[in-house]
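Data block below; observations after.
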Amino acid sequence: MDTLNDPPTQWPWLEISIFVLSIVFVFAAFKIIVLNDDEERLVELVVPVPEQCSPVWKGEVLEEPTIKVPPSSTPLHVSQQESQISGSSAIRCYCPANGRLLGLVNPSTPDGIDRAIAKAKEAQTEWARTTFKQRRRVLKTMLKYILDNQDTIATAACLDSGKTKVDASLGEILVTVEKLKWTIQHGEKSLRPERRPTNFLMMYKYNEVKWEPLGVIAACVSWNYPFHNFMGPLISTLFTGSALVVKASESTAWSTQYFGTIARAALVSCGHSANLVQPVLCWPQTASHLTSHPGVSHVTFIGSRPIAHHVALSAARSLTPLCLELGGKDPAILLDDVKNLEKVASILMRGTFQSAGQNCIGIERIICLHRIWPRIVTILESRIRALRVGSALDDPNDVDVGAMVSDSRFGHLEKLVTDAVNQGARCLVGGKRFVHHRYPKGHYFQPTLLVDVTTSMRIANEELFAPICVIMRAASLDEAIGMANSTPYALGASVFGTATKDLERAAKEINAGMISINDFAVYYAVSLPFGGVRGSGYGRFGGEEGLRSISNTKAVCRDRFPGLISTSIPPALDYPIEGARRAWEVCRGVVELGYGIEMLRRAGGLWRIAITDNPCVYFAPELIAAYPEAKVILQTPDLDSWYTSFRATIFVFLHDSVINYLCVLDNSMAQWWPVSYQLHYAAFGGSHKRENAISVHPRSMDRVRELIPKEELLKWKVQDGWGPLCEFLRRQQPKGTFPRVNEGADKESGLVGDCPWTRRDGDLLGDEAAGKRVIVQKEWQGLCN
């Protein structure tokens with residue numbers, strides 16, 4: 001038996017808390033593991049691996065490695081008829097590092113491009129209706145496959161472009177999986193409808209922007225990063241609900257087939273059409289059929305400036321929007337206060353020589369201030385001399401820099417170096433093409449160091465896209481920034497130093513689309529928009545901006561409270577317009593009320609509108625000061641009927657919970673408060689009780705009488721009709737009876753659903769005034785029917 005001495009019962013709160021948390025955890029885990037629908041479950045992909053990716057594969061070494069089959073040759077893997085399409089031979093694919101034949105690809109024809117676009121368009125209609133969960137599932141499936149097959153994908157990229165596997169990992173794999181991961185985690189948020197602020201005049205509206213599928217996107221991509229350049233547009237396009245037709249470079253056509261198979265297999269394995277991805281492999285002369293095609297909704301081009309001019313002209317035929325990501329001449333400025341120069345030198349080496357310098361956002365110019373220049377030259381010279389060139393797949397442990405994709409520009413590069421030396425530059429390392437003793441058919445250029453370069457030299461102004469390190473000297477930060485901005489390009493830039501002020505100044509004043517501070521690889525941050533300005537193109541891909549740029553940006557405006565508040569055309573503005581002068585006054589008043597900077601100006605706007613339906617007597621001093629020469633018509637109603645109307649109209653509006661709630665939530669609607677305050681507090685002291693209102697209102701009217709000379713004031717009742725009005729304005733009386741007075745019940749039933757001004761009679765009054773400025777005070781009840 002309990003006694004008075006027994007301690008009170010104590011709840012085991014710790015045990016209860018642990019039990020509750022355990023239940024929550026178990027439920028969350030169950031939901032994630034068991035209840036998680038199939039829309040986001042990963043699927044295992046089975047994609048045939050090209051035999052060329054095998055470590056033991058050895059292809060035929062071409063005597064003349066070019067992507068065009070020599071006229072005297074007969075393709076080995078296709079018939080003569082198959083290799084000749086539209087007057088062009090098949091694309092011959094080979095490894096630039098050793099000249100080994102990878103295979104032959106039949107180029108697409110215009111008819112083939114038409115069929116590809118038609119298939120993509122048909123598939124996109126269904127794909128546009130998919131959820132973000134379903135799209136994420138496809139991307140997750142791709143991500144898993146890439147992570148599980150990094151070696152194979154990197155090998156394919158190396159075979160087709162000649163780069164090293166390290167370069168393939170950093171420039172192909174890493175950036176692709178990062179983009180997949182970012183899109184999976186943040187893509188939906190970037191494409192969710194976004195609320196936009198409204199204004200005082202449209203405070204009853206709700207504005208938002210939606211990003212919807214655009215249709216069929218075309219991407220013409222370059223050869224320097226065949227996997228990433230293929231997957232980048234693909235990831236964004238699929239996630240936005242569109243389909244993609246990819247025109248990959250003919251120089252990397254072989255690997256594109258494999259990469260396209262990965263993407264299509266991921267779609268099919270998740271229950272979607274493979275036709276959403278259409279790889280197109282063709283010669284440049286056929287590509288214009290794609291970029292000018294009316295079935296394409298957007299074109300993304302990654303390539304050179306000369307080709308971009310043709311692409312832009314082609315797309316203009318069908319008015320197709322473009323994103324042009326072109327080359328760059330990216331500068332890296334080294335300030336005198338740089339610390340740990342060895343570390344910075346490592347960044348400069350990676351930024352200059354990654355993928356043999358074939359990197360659109362790679363470092364093409366190093367601009368040093370005087371004090372630091374000798375040290376950086378010494379450090380870089382020893383490092384560049386030690387670089388080893390070769391085929392990374394054949395000699396994985398003995399290669400730093402791989403091959404270039406083609407040897408067609410070697411002569412031009414050598415001439416640029418020679419011309420610079422003739423003008424005073426010094427070539428400390430390299431400067432020429434390199435014939436590898438083991439791979440004489442490979443396309444190699446010596447890693448080069450050129451110093452004492454000036455802005456007048458061609459090599460300081462032309463994009464090199466080669467393993468050439470150019471070092472320039474500047475006497476000051478001003479001169480360094482000027483040198484950085486001296487080329488037509490403006491893609492990316494880097495600045496290294498310690499002083500925050502100098503770093504921020506350089507970042508602000510350098511003309512570029514992307515700036516890295518104490519780094520060069522801004523493109524690894526895929527949450528940021530990627531692209532340049534000036535000669536480096538326009539438009540952006542990557543990040544939120546990239547997703548939105550290939551979507552249909554749709555503006556939607558709707559009523560905040562359907563059925564309660566909606567738009568009504570003011571009678572003075574309703575067609576056919578009966579009085580042009582009155583219509584103009586209403587328009588002018590609306591503009592001043594909604595956008596006036598000072599309270600007085602806004603009150604003046606309210607006065608102009610008040611000729612039809614507003615309580616302007618409470619703003620009399622301000623309005624009279626604004627319009628000293630205006631005549632005034634003062635309505636003098638019976639106080640009892642006035643209060644009945646006031647209580648059912650103005651008072652309701654001032655205390656309307658919807659309006660006041662919106663003023664709290666929406667900053668743009670806070671403009672209502674000055675008007676509300678003047679009516680609610682300044683005029684009535686915050687009380688709208690009958691006794692208070694009936695005592696305050698006459699005082700407001702008396703104030704008008706005191707301010708206005710008798711000859712400029714007409715005291716008038718609605719029941720007086722046209723006579724006194726026309727006599728006061730010295731105008732002929734209109735024919736017909738004076739309109740009836742509205743009833744309080746009319747306004748009670750229509751107050752919320754209509755705009756405040758609903759009276760047409762003022763139009764005639766405005767016309768009859770024949771241009772004279774007339775101020776009419778009357779209650780909300782007024783003449784409004």
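Every residue, even glycine, has its Cβ placed from backbone N, Cα and C.
The feature active site is assigned by TrEMBL to Glu325. The Cβ of Glu325 (active site) lies under 8 Å from the Cβ of Thr300, Phe301, Ile302, Cys360, Phe530, Gly531, Gly532, Ser536, Gly537, Gly539, Phe541, each on the same chain and at least six residues away in sequence. When secondary structure is read from DSSP and collapsed to three states, Glu325 (active site) falls in the strand class.
Across the domain 'Aldehyde dehydrogenase' (89-556), the prediction's mean pLDDT works out to 96. For 89-556, the entry in TrEMBL reads domain 'Aldehyde dehydrogenase'.
According to TrEMBL, the transmembrane segment annotation covers 12-34.
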